[in-house]
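All remarks here apply to the structure that follows.
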Amino acid sequence: MQNWDTATNNNSNNNKSPALTMQQTAANSNNFLEHNTWYNQMFAANIKQEPGTINPHHQHPQQHSSMMASQPQHSPLTHSANHLENYLKQHAHNGGGAHHLQFSDNSGAMTPSPNTNVGGQDFGFESNTSSALNPSLQQHQLYQQHFQQAQQAAAQNQVSSHLPLGFNPLTPPGLPNAVLPAMNHYYSQQQQQQQQRQLQQTPSPSACLSDAHEKSSALTPRHTPPMDITPPKSPKTTVQAMDHQQHPEDQDLISNSSEDLKYIAESEDDESIRMPIYNSHGKMKNHKCKSCGMVAITKMAFWEHARTHMKPEKILQCPKCPFVTELKHHLEYHIRKHKNLKPFQCDKCSYSCVNKSMLNSHRKSHSSVYQYRCADCDYATKYCHSFKLHLRKYEHKPGMVLDEEGIPNPSVVIDVYGTRRGPKNKSAANAALKKACSDLKIPPTSQLSAALQGFPLQQQQQPQQPASPAKSSSSVASELPALTLNMSLQQNLAQQQQQQQQSPGAQSHSSQQQINNLLPPLASLLQQNRNMAFFPYWNLNLQMLAAQQQAAVLAQLSPRMREQLQQQQQNKQANENGEEDEEDNDEVDEDEEEFDGKSVDSAMDLSQGTPTKEEQQTPELAMNLKLSEEHGETPLFSSSAAARRKGRVLKLDQEKTAGHLQIASAPTSPQHHLHHNNEMPPTTSSPIHPSQVNGVAAGAADHSSADESMETGHHHHHHNPTTANTSASSTASSSGNSSNSSSTSTSSNSNSSSAGNSPNTTMYECKYCDIFFKDAVLYTIHMGYHSCDDVFKCNMCGEKCDGPVGLFVHMARNAHS
């Protein structure tokens with residue numbers, strides 16, 4: 001507009017006089033003020049004023065307000081057209097025809113007004129302005145409405161394309177402290193803001209900024225939880241949140257535990273099975289195939305790959321999603337997740353799950369006991385899977401496993417490289433042996449049961465079922481009183497009859513036997529047969545229990561009984577020294593003296609440890625063999641230690657070996673009667689039932705003719721030089737940290753006449769462990785544990801063992817598949 005005024009003034013000054021120039025200048029100044037008033041009215045809020053211009057609002061505020069009140073509002077085009085028409089009219093009256101021609105030439109380049117007749121001579125500006133006032137006002141209002149609608153649409157597109165989350169990403173909706181405003185409140189505020197913007201005449205760009213700020217502030221949670229709260233791994237989507245609002249009864253069934261969010265009901269359209277899953281630490285969850293090791297990042301890819309390892313006829317597929325499995329209970333657990341059924345509820349919190357194993361794992365979170373500890377470092381954990389991962393990663397060894405109450409449980413074995421979940425029990429290692437041993441024939445009476453009862457059994461009594469050596473010490477001890485009470489009357493009657501028939505020399509031994517009967521049966525059994533081998537890890541508990549029982553009984557004995565015991569030992573020692581004409585009798589008497597000294601003077605001294613090789617080679621238990629006139633048999637055992645036969649399959653009498661071996665390290669033998677010459681009177685002995693442990697006769701055999709049997713039992717050893725030498729099974733006893741094998745091997749000369757009376761049986765001997773087996777299955781199972789390169793290395797798992805005892809302990813404690 002200033003350029004137009006300048007051009008007009010230059011043209012007028014060239015053709016007019018000074019008087020006309022002054023009038024024109026005054027008119028231009030009035031027009032300039034009017035133009036600035038209109039210009040500021042239209043664009044004062046949006047366009048910055050130039051430094052040289054004068055704002056009419058500051059110079060004439062009252063005049064401007066009165067003028068705005070009196071005059072109606074016009075559109076920008078109408079105001080500009082009226083202003084130019086008035087300006088040209090003034091120049092037409094003052095300038096004449098020449099000036100009009102020049103103005104027409106200059107105005108040809110300008111934009112004509114729609115109400116101006118450029119080619120005509122008559123300019124009716126006032127009439128045209130008054131007639132076009134109402135249409136121009138309507139056009140201005142219509143333009144303003146269209147402009148506001150377009151601006152609102154742009155603001156909505158901007159907000160929808162950059163919609164804020166509405167919650168803190170670390171504390172998404174669903175947490176108890178997150179409070180979001182209601183959606184209806186948000187929409188009501190938005191409608192009020194739109195109505196207020198419609199009342200504004202001129203739109204402003206600041207309205208969009210304030211609108212976006214108000215929307216973002218309305219969606220921000222008012223009470224944000226603290227940042228130290230661990231967020232869930234997968235927040236709920238908006239659609240799921242709306243579904244939970246519509247069905248509050250279904251929402252109550254869902255547990256608020258973060259672990260349950262992994263099992264949100266999946267469907268074919270759920271993105272959780274097609275997209276990778278990230279945990280709270282930002283780490284992506286991988287799905288590893290147990291068959292080939294393939295790693296998938298989505299459930300969909302993992303299930304597709306799992307199909308390749310399954311047989312088509314065994315595939316079980318979920319009807320709601322692509323989940324596949326071969327196990328029926330896995331499909332059942334998966335369907336429970338779809339139905340949101342969690343029948344297993346924790347009794348200490350609100351946690352619920354779909355199966356029992358998940359509940360057991362959760363219950364450990366409430367316990368303060370760390371069951372699994374590493375033996376090589378300070379690592380401790382509550383979960384077996386984490387413990388196995390630690391052992392595999394650092395190649396460490398597991399320590400003692402605790403039970404749920406924090407008590408050490410040595411029967412639990414950690415299979416580090418196994419695929420089976422959870423720990424294993426040691427009893428599983430002996431399942432094959434127990435099954436094979438169940439097929440063996442059990443003798444009519446058991447040596448172990450007879451010894452545990454603490455009194456001799458007559459042939460007329462009912463056969464007793466053998467006590468299993470795999471029982472614990474507490475269960476065996478609980479059976480002892482019942483066995484003793486049931487047969488106490490028969491024992492007393494048998495002792496009275498025997499005392500009437502006994503010789504004066506045998507009555508002294510009867511008193512010794514009565515003293516031994518005072519001891520607990522288990523203590524008496526282990527005291528008289530120290531090398532009797534139960535299972536290696538079970539024998540120590542029995543010895544400790546027997547020592548406690550024996551100490552308690554000896555503490556209650558009177559001084560007279562103790563003196564009687566010492567006197568009997570001295571008498572035996574004198575008799576043994578007087579009988580040096582035979583070497584075999586000397587060895588038996590020396591062994592008896594050594595054994596009685598240990599058993600009487602010390603209450604089951606466990607500090608002596610495992611017997612040495614010299615002690616193992618001596619026939620400690622040959623003193624307990626009994627003689628009988630009714631059976632013409634030779635003893636199975638003798639004192640010769642050089643008659644061992646390793647690696648040979650021996651043929652022995654079935655009667656002599658029946659019940660002699662039960663399991664690999666638990667030898668028991670039937671009663672082997674010796675047929676002696678007529679040197680022994682037939683009236684000094686009574687029939688004896690063949691049920692005695694190898695060498696256990698002091699507490700479980702007949703009291704008659706015991707001393708005479710010792711003196712005359714070996715006179716016939718050399719009368720048959722053509723008999724075959726046989727070897728018996730060795731016995732092994734281990735305690736705690738002992739790794740040396742305790743084995744004895746004895747041989748005897750069998751009578752040819754008695755060997756032909758009964759069928760022969762085959763004996764299998766392990767030359768590495770000095771153990772005999774009657775059954776080929778047991779022998780095969782046992783030899784399968786010996787490795788070819790190293791006989792004491794386990795052939796199943798490759799673990800190196802220290803001797804035969806270490807190998808037996810390893811076989812008993814570790815489960816082998």
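Every residue gets a Cβ built from N, Cα and C, even glycine.
Residues or ranges marked as region 'Disordered' by Swiss-Prot: 51-77 (among others).
The compositional bias 'Low complexity' annotation in Swiss-Prot covers 62-76 (among others).
Summarising the annotation, Swiss-Prot assigns region 'Disordered' to 93-132 (among others).
What Swiss-Prot lists as compositional bias 'Polar residues' is 103-119 (among others).
The region 'Disordered' annotation in Swiss-Prot covers 187-252 (among others).
According to Swiss-Prot, the compositional bias 'Low complexity' annotation covers 189-201 (among others).
Only residues 6 or more beyond the boundaries of the zinc finger (287-309), in the same chain, are considered here, and those with a CB under 8 A from a CB of the stretch are 266, 272-276, 315, 322-325, 419. The zinc finger annotation in Swiss-Prot covers 287-309 (among others).
Residues annotated as zinc finger in Swiss-Prot, with sequence analysis given as evidence: 316-338 (among others).
Each residue in the zinc finger (344-366) has a pLDDT score, and their mean in this model is 92. Per Swiss-Prot, zinc finger is recorded for 344-366 (among others), and the stated evidence type is sequence analysis.
Annotation source Swiss-Prot lists zinc finger at 372-396 (among others), citing sequence analysis.
Per Swiss-Prot, the feature region 'Disordered' maps to 456-477 (among others).
Residues annotated as region 'Disordered' in Swiss-Prot: 491-513 (among others).
What Swiss-Prot records for 564-576 (among others) is compositional bias 'Low complexity'.
For 564-619 (among others), the entry in Swiss-Prot reads region 'Disordered'.
The annotation compositional bias 'Acidic residues' is assigned in Swiss-Prot to 577-595.
Sequence annotations record features per position, and here Swiss-Prot assigns region 'Disordered' to 666-758 (among others).
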Quick tally over 344-366, 372-396, 792-816 of CB pairs under 8 Å to the zinc finger (764-786) gives the top stretch as 792-816
Summary of DSSP states over the zinc finger (372-396), given as helix, strand and coil counts: 11 helix, 5 strand, 9 coil
